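Below is one structure, written out as structure tokens; comments come after it.
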Amino acid sequence: MKILIKNVRIFDPASGIDEEGDVFIKNGIVSKKKEETRNIIEGKGLYLFPAFIDIHTHIREPGGEDVENFESASKAAVAGGYSTIFMMPNTEPPIDNDGMVRFVVKRARDVGLVKIYPVGAATIGRRGERLTDMRAMIQCGCIGFSDDGSPVKNPRILRRILEYLKGTGIKFIEHPEDPELSSDGSMNEGSLSNKLGVPGIPWVSEASVVIRDILIAEYLSSPIHFAHISTEASLDLIQFGRKRGVKITFEVTPHHLLLDEDNVKITDSNFKMNPPLRSKRDRKALIKALKKGFVNAIATDHAPHPLYKKELEFSLAPFGVIGLETAFSTLYTEFVRKGVIGLNELIEYMSVKPAGIFDLKTGMVRDGAPADFVLIDLKKKWKITEDRFHSLSRNSPFLGWDVYGRVVYTIVEGKVVYKEGD
Amino acid sequence: MERFKQKHLLGIEELSRDEIDSILDTAIIMKSVLERRIKKVPTLRGITVANLFFEPSTRTLNSFLIAERRLSADTINVSKSFSSVLKGETLLDTARNLEAMRVDMVVIRHSVPCSPHYLAERISASVINAGDGAHEHPTQALLDMLTLREKFGNIEGLKVSIIGDILHSRVARSLTIGLLKKGADVILCGPPTFLPEWFEDYGVKITYNLKDAIVDRDVIYVLRIQRERQDTAFLPSLREYIRYYSVNRDVLNRYARKDVIIMHPGPVNRGVELAPDVADGPWSLILHQVTNGIAVRMAILYLLSGIGSSGGVE
């Protein structure tokens, strides 16, 4: 299997390359030595980036196959330029044993479009009581552990999880939230939620768990990864922890970077997610952290829900928005084109850095490197509309946005898995 | 009278000062109907109003029903316990079904904040908010403003204190917005768990001290305390609340002006937020509020129906 990509703008922050040229791929890896092939992609006008890696995706299979299954999630991922996604374990039943891990690995391989790594539940049933068989799950392909959707409420159990993972090289991913403080909230707590009479989720609900976890991780000399950090206080606490030598990594989502509570339309639950859209001040702090290189990854928290549920009244609708197919274009349009961050930084946050957290190899334009690439037409403008999505769900807060940057090809292990218009 | 342009009554937030005045002016005309021997006019003949009450309510529902009947509208009632809601039907489906039956106006009481706004975006009937969670209760605020206007002639410059569980109160929010739009001075008072500082963003003074909310005020507006609040740690006990926030004769004698007015949206927890002799005393306008509730709701129904002529009201 050979592909020759011709006249493409090669843009690879990991190798420091930004030049027009050809890329030759053979048997899934980049090869310096070009060979004859009729399999040619004309790359004129396109950028070639290492394909994106999403370390936080919700696929609803098993339990919600009609909402997002392995086929639809894979199609959405490659349409968004991703070669690799992490699947969070809060399915029904959850991924809390090695049999379930095997199931995910097999289903992902059967579909064969995108690399899907299962994140296992850290506790059985995600109930925060008993540890899962983590060693067996790692052996079957688990990339990390998390009770995402819920925090590990009991600090003693969290301690045991971090301890048990020592020496495995596998990270625990915390969903930082105190459910007692979040209570029945459905948007950020503040002046706006108070005015609307909507129960709020206070920032301290996130930050109080962040600091608890940092201290436990420090005590055990264990690394820890935080999912979807959304508040200024959490960022300050992470800085504090890093100063004390704790190995902390964390991700932020496109929606927390691009939207805040003032964007919430209270009659439209596509603006309801957990953590909620925070204050302007929090959003500014996230952007500042992004500019400083303080953030480790941008992850979508892609959370599909069916229309009949998202169509409910705000307080009754489920939390979550989809993100795989809009992440690059929205961030490129709002941040790169407006000079907030550079193109190389965006690519690093969406590809190189998340790979680094979990010791994965990304696509690189270097002899012998894996051929995971995305080809994007940065000049192409398009409108985010419901009919564009390959996901089975439509719950995006970016509907109606005009954005730049259209994925034209996605190549995973040397195979074209997405071509625009096909 | 200038033509009323709103299609829905979602909240006081959405009303201009002039619109509030025009509702109150209309309500005064409606009130004259209530004083007649035959208390019915044909104004809304042929108009169908659905009352969707998904929360228990006696007073507001009956007030709307009487208002609708006084105006000769046809009415149907849908309550949570007798509707398809129990069979899993969504609010939107319930409303769309009513619309398919050619209902013209929907009065909705729902525990979810902004559910009337949600409906108004999705159906073509006029939507009247009869209370949405802790968000707004516009007809209550309007009937309160009518009561104040009757008593004082003018709301501008009035010193009003609202006391109690401000946090969970849609009445407090709607009334505060309305009073501020009409130029009144508002103090909100309650224990700190019921009074987050965000309320200052409305442009009102907040206090945790009952005395500060009583001294030199024209109107003391007392809110109902829900007994379950002690189970969710908002209150240590009712005993403690009564001791520091109950409006009783002793507190009034010590701190209040002689001509102070007491109001309450009902139903009163006698002996909790309000002492019985205060509720029934000469200060109290509570029963006037109830009567005005019907007049205000008639005015709203009439104005939103878009029927230009006064239809025999005047």
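Backbone N, Cα and C define each Cβ position, glycine as well.
Automatic prediction, not curation, is the source of TrEMBL annotations.
Annotated in TrEMBL:
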DOMAIN    B:7-150  domain 'Aspartate/ornithine carbamoyltransferase carbamoyl-P binding'
BINDING   B:Arg59, B:Thr60, B:Arg109, B:His137, B:Gln140, B:Gly266, B:Pro267  carbamoyl phosphate binding site
BINDING   B:Lys87, B:Arg170, B:Arg224  L-aspartate binding site
DOMAIN    B:156-304  domain 'Aspartate/ornithine carbamoyltransferase Asp/Orn-binding'
List which of the binding-site residues B:Arg59, B:Arg109, B:His137, B:Arg170, B:Arg224, B:Gly266 have a Cβ under 8 Å from any Cβ of chain A, in sequence order, or say none.
B:Arg170
Give the distance between the Cα atoms of B:Arg224 (L-aspartate binding site) and B:Gly266 (carbamoyl phosphate binding site), rounded to the nearest whole Å.
7
For each of the binding-site residues (B:Arg109, B:His137, B:Arg170, B:Arg224), count the other CB atoms lying within 10 A of its CB, then report the residue with the highest count.
B:His137
Least buried of the binding-site residues B:Thr60, B:Gln140, going by other Cβ atoms within 10 Å?
B:Thr60
Averaged pLDDT, computed only over the residues in the domain 'Aspartate/ornithine carbamoyltransferase carbamoyl-P binding' (B:7-150):
93
Any further residue of that chain within 8 Å (Cβ to the Cβ centroid of B:Arg59, B:Thr60, B:Arg109, B:His137, B:Gln140, B:Gly266, B:Pro267) of the recorded carbamoyl phosphate site:
B:Ser57, B:Ser63, B:Ala130, B:Gly131, B:Val171, B:Pro265, B:Gly293
Would you find the one among the binding-site residues B:Gly266, B:Pro267 whose Cβ has the most company, meaning other Cβ atoms within 10 Å?
B:Gly266
Looking only at B:Arg59, B:Thr60, B:Arg109, B:His137, B:Gln140, B:Gly266, B:Pro267, which the record lists for carbamoyl phosphate, tell me the maximum pairwise CA distance in angstrom.
16
Please report the Cα separation of B:Arg59 (carbamoyl phosphate binding site) and B:Arg170 (L-aspartate binding site) in Å, rounded to an integer.
15
CB contacts for B:Arg59 (carbamoyl phosphate binding site) [other CB atoms within 10 A, all chains]:
14
Taking Cα atoms as reference points, which of the binding-site residues B:Thr60, B:Arg109, B:His137, B:Gln140, B:Pro267 is nearest to B:Arg170 (L-aspartate binding site)?
B:His137
Tally of DSSP helical, extended and coil residues in the domain 'Aspartate/ornithine carbamoyltransferase Asp/Orn-binding' (B:156-304):
70 helix, 24 strand, 55 coil
Taking helix as H, G and I and strand as E and B in DSSP, count the residues of the domain 'Aspartate/ornithine carbamoyltransferase carbamoyl-P binding' (B:7-150) in helix, strand and coil.
70 helix, 27 strand, 47 coil
